[in-house]
Every structure is written in C-alpha cells, then in structure tokens.
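The structure appears below as structure tokens.
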Amino acid sequence: MSMGLEITGTALAVLGWLGTIVCCALPMWRVSAFIGSNIITSQNIWEGLWMNCVVQSTGQMQCKVYDSLLALPQDLQAARALIVVAILLAAFGLLVALVGAQCTNCVQDDTAKAKITIVAGVLFLLAALLTLVPVSWSANTIIRDFYNPVVPEAQKREMGAGLYVGWAAAALQLLGGALLCCSCPPREKKYTATKVVYSAPRSTGPGASLGTGYDRKDYV
C-alpha cells in the first residue's frame, strides 16, 4: 500500500470522526415542521441528543438541557449511547493508525505495520456503522411520524442538519476505513538453495587420452 493512499484513508477517517463529534453536539436532529397551523408560527423548535432549543422569529434562541433521559424517545436514547461509542472507537482507531503508519517509527516491521493499519481500518468501519444506525433510525422515526395522521401537526418534525452531518460523517469513515483495510502485508521472499556442482578441470594436452602427463610417443 502506498503512503499516499494510507494518508488519504486516514484523513478521510479523521474528517468523519470530526463530523461525528459535530453531529453529536448539534441540537438540530429534529426541527419543527411548518405544515398546517405551524406555517404562521413565530418560533422554530430544534431537538438534539442533549438539549432542545427554541428560536424566535427575532433571532433570539433559548436552549435547555433535557431534565431526564427517560423523557427522550427511544431512538434518541439509543443514539446517545451509539454516537458516544462511535466517537471513542474512532479516536482509538486514529491512535492505532498512527502507530501503524509508514511515516512513523513506532513499529519497524513492515508486515506488522500493515496488520496494524488493517485493524485501524476495521475500527473506523465499526465507528461508521455505529454512526449510521442511530442517524438512520431517527430519520425513519421522523418520516413515520410525519405521515402518521394520528400525530398532531404541532408535534410533527422534519429532519435537521444534524442527521445530514451524521450521514456525511459515516460515509467518510466508511471510505477511509475501506482504504486502510486495503493495506496488504508485503509478501515474504523465499530464497531457494541452488546446488552448485564442481567438476575437475579436463586436460586438453596430448596425453589426456591416457590419463597421464606423458606424451604418446613415450610409449612407442
């Protein structure tokens, strides 16, 4: 695997990791749906993993941290845990990638470096899946409630920017992890012993046919 490809994969994975952190912090997983009587409302409601915010038409915003975890919907409760685990897993994957990088001297053996890089790629892939699951789950819940006639219009929500950031972060980590997993260990060179046969030098003199150093005329 070339160093350029390794750096590209690591950079994409790091961008995805930073995107996951932004996705976790943004209070815009769910936003007010301006339908029906909500069209003329003077405020916009944002709901995130840790707080909800009310934005007035004047631009003033008030945010409040959730008082109880049990008051959250199931998808947001699961999203909290999965997103935090994804962030920690990607951070550990970054440390592993730095250890196995070709530009570092933490490990001298090239084969060991390649295996460590593959482990880092797998960690980034797992982090991407842990990010993708809660984001997609929340989006599915929002869409299902939006088209549910039983849910009042005031409680219907639309997908916020946090979900789109989460999808982009998961895609970057998937791509970066896949590139790191392409790091194949170098093949070991096998040397085969070659047999060398030594033969005595053959004499080309006149007495070579008799196997002695005398000339033929000495026997006449």
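Each residue, glycine too, has its Cβ placed from N, Cα and C.
The phosphotyrosine annotation in Swiss-Prot covers Tyr198.
What Swiss-Prot lists as phosphoserine is Ser199 (among others), and the listing cites similarity to another entry.
The feature phosphoserine is assigned by Swiss-Prot to Ser209 (among others).
Residues or ranges marked as topological domain 'Cytoplasmic' in Swiss-Prot: 1-8 (among others). Remote same-chain partners of the topological domain 'Cytoplasmic' (1-8), defined as residues 6 or more beyond its termini with a Cβ less than 8 Å from a stretch Cβ, comprise 101-103, 114, 117, 176, 179-180, 182-184.
Under the heading topological domain 'Extracellular', Swiss-Prot lists 30-80 (among others).
When the topological domain 'Cytoplasmic' (102-115) is classified with DSSP, helix, strand and coil residues number 6 helix, 0 strand, 8 coil. The topological domain 'Cytoplasmic' annotation in Swiss-Prot covers 102-115 (among others), and the record cites sequence analysis as its basis.
Annotation source Swiss-Prot lists topological domain 'Extracellular' at 137-159 (among others).
According to Swiss-Prot, the feature topological domain 'Cytoplasmic' maps to 181-220 (among others), an assignment based on sequence analysis.
Residues annotated as transmembrane segment in Swiss-Prot: 9-29 (among others). Note on the transmembrane segment (9-29): residues 46-53, 63, 76, 79, 83-84, 86-87, 90-91, 93-94, 97, 101, 120-121, 124, 127-128, 131, 135, 138, 160-163, 165-166, 168-180, 182 of its chain, located 6 or more positions outside it, place their CB under 8 angstroms from a CB of the stretch.
Sequence annotations record features per position, and here Swiss-Prot assigns transmembrane segment to 81-101 (among others) based on sequence analysis.
Under 8 Å from some Cβ of the transmembrane segment (116-136) lie the Cβ atoms of residues 1, 6, 9-10, 13, 16-17, 20, 23, 75, 78-79, 82-83, 85-87, 89-90, 92-94, 96-97, 99-101, 107, 163, 166-167, 169-171, 173-174, 176-183, all in the same chain and six or more residues away from its ends. What Swiss-Prot records for 116-136 (among others) is transmembrane segment, and it gives sequence analysis as the kind of evidence.
Only residues 6 or more beyond the boundaries of the transmembrane segment (160-180), in the same chain, are considered here, and those with a CB under 8 A from a CB of the stretch are 5-6, 8-20, 22-23, 26-31, 46-48, 83, 90, 93, 97, 117-118, 120-125, 127-129, 131-132, 134-136, 138-139. If you look up Swiss-Prot, you'll see 160-180 (among others) marked as transmembrane segment.
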Overall pLDDT of the topological domain 'Cytoplasmic' (181-220), taken as the mean: 55
